[in-house]
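Working notes, structure below.
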Amino acid sequence: MRPSYYEHLRALLLLGLPLIGSNLAQMGLHVVDTVMLGWYGVQELAAVVLASGLFFVLFILGSGFSYALMGRVATALGAGDETQVRRDARMTIWLSILFGALAMPVMWWSGAILLALGQAPAIAALVQEFLRIALFGMIPALIVAVMKGYLSAFERTRVVLLVTVAAVAVNIAMNWLFIFGNLGMPRLGLRGAAISSVVVQSLTALLLLAYAARVPELRRFHLFARFWRPDWEAFRAVARVGLPIGITSVFETGFFQASAIMMGWIGTAQLAAHGIVLQLASLAFMVHLGLSNAATVRAGRALGARDIPRLRDGAKVALALSLGFGLVTVAAFVLVPRPLLGLFLDHANPESERIMIVGVGLLAVAGLFQIFDATQVVALGLLRGMQDTRVPMWIAGGSYWLVGVPASYVLAFPLGYGGVGLWLGLMLGLICAATILIARFWRGPWLRPAQDGPQRAGPTAIKSA
């Protein structure tokens, strides 16, 4: 029997809510080092901001393989192909280890790179000091991403949430010990934060690997059987889907970094307001990203089962749910901007009111921005479930960099709309991406009945954690 829209909604929420929580916790994991090193010292704070930025760009490029695995495993489970699940998962771990090893030299010689980009020698030295320790956490961090994608495809998202929340708690405790030297531990400052991150990422990776290997419902997939044996067909297939996803993420990150640079040309208060609004928009984006990941899994399962009605109805529900949350965000950003902005401001500072005035205008545009951000990120998730990533990479990159960035510049400077114009330009880039990506999904061959077989086949039943 064809599932109702309510059943689709319930299944999507059961899968997506833990992923949303996990995304927010993961965001908190990155914020913890910044906040705690801010308490330690100004130079250390500046260094960790730069170091985390470089680490994050490398990480999101490499984590494209984990998103590819999520869709491919979901499709294999929908088709009942247990062998393909194992093949893809093993080769995704191989790819992540290889990418992590290739990223290490960039972090090892990060000081020279930053000096060439005009950073102060003292800050460049601190960044390199941090990254020469943190680089040992790159491979564990990528394996964590792989295992989260793998377990999400099995709809075991609650364990992903619990492990991520636990990682944040352990990271806070270890930072307290090693940054500040509490309870007799050495006072290591920046190095202490790096050591904590490496230990937490390594423990998280081991915990998720052990879970996948020992839970009875997952053990039958023999994830680590003959792990050393290469499977070049699966290796190439995952790389072909995953690398464009990583590049798309870098395009998007660079898009917003470019907006910060241009906002800095306008003025300090505008840049401060932009940073706050971007943080609020990023929090909302974590919700859309969680729903996008859930859409990837649900769409991949339907594709594997060749269940076109389920694929079509599930896509409608995912888009409607994300747009619904986007409308809630619009209302919050437009109706209560001052309380939201006030969370980030010291009201005793005389500059705060100026930042508040600028921020209210930016937040109104950022609210409208949410509608199109919701659409484009869920469309990307649905296309990843179809393993369609190369053309979407070019669509997203072109929309961000050939439409969004030039439009932001023209509206902000030649036309004189300032910070509001810059955000309107960002929104135009997202409108372009959302329109083309969603059209690509709805016009795709995956929504047309197959000529060589039945339109519907039963999916593999996998118990949720």
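For all residues, glycine too, the Cβ spot is worked out from N, Cα and C.
Residues or ranges marked as transmembrane segment by TrEMBL: 12-39, 45-70, 91-118, 130-147, 159-181, 193-213, 234-256, 276-296, 317-336, 356-382, 394-415, 421-442.
Panel annotation: around the transmembrane segment (356-382), residues 248, 269-270, 273-274, 276-277, 280-281, 284-285, 288-289, 291-296, 299, 315, 318-319, 322-323, 325-327, 329-334, 337-338, 340-342, 345, 392, 396, 419-420, 423-424, 426-427, 430-431, 433-434, 437-438, 440-441 of the same chain, lying at least six beyond its termini, place a Cβ under 8 Å from a Cβ of the stretch. Stretch with the most C-beta contacts under 8 angstroms to the transmembrane segment (193-213), considering only 12-39, 91-118, 234-256: 12-39. For the transmembrane segment (12-39), the partner stretch with the most Cβ pairs below 8 Å, chosen from 45-70, 130-147, 159-181, 394-415, 421-442, is 159-181. Distant neighbours of the transmembrane segment (276-296): 12, 15-17, 19-24, 27, 67, 70-71, 74, 152, 157, 256, 259-260, 314-315, 318, 321-322, 325-326, 329, 333, 340-341, 344-345, 355, 359, 362-363, 366, 369-370, 373-374, 377-378, 380-382, 384-385, 423; these residues of the same chain sit at least 6 beyond its ends, with a Cβ under 8 Å from one of its Cβ atoms. Most Cβ pairs under 8 Å with the transmembrane segment (130-147) belong to 45-70, among the candidate stretches 45-70, 159-181, 421-442. Within its own chain, the transmembrane segment (45-70) has Cβ neighbours under 8 Å at 30, 33-34, 37-38, 88-89, 92, 95-96, 99-100, 103, 106-107, 110, 114, 119, 123, 126-127, 129-131, 134, 138, 141-142, 145-146, 148-150, 152-153, 190, 193, 238-239, 241-250, 253, 293, 296-297, 300, 384, 387, 389, counting only residues six or more beyond its boundaries.
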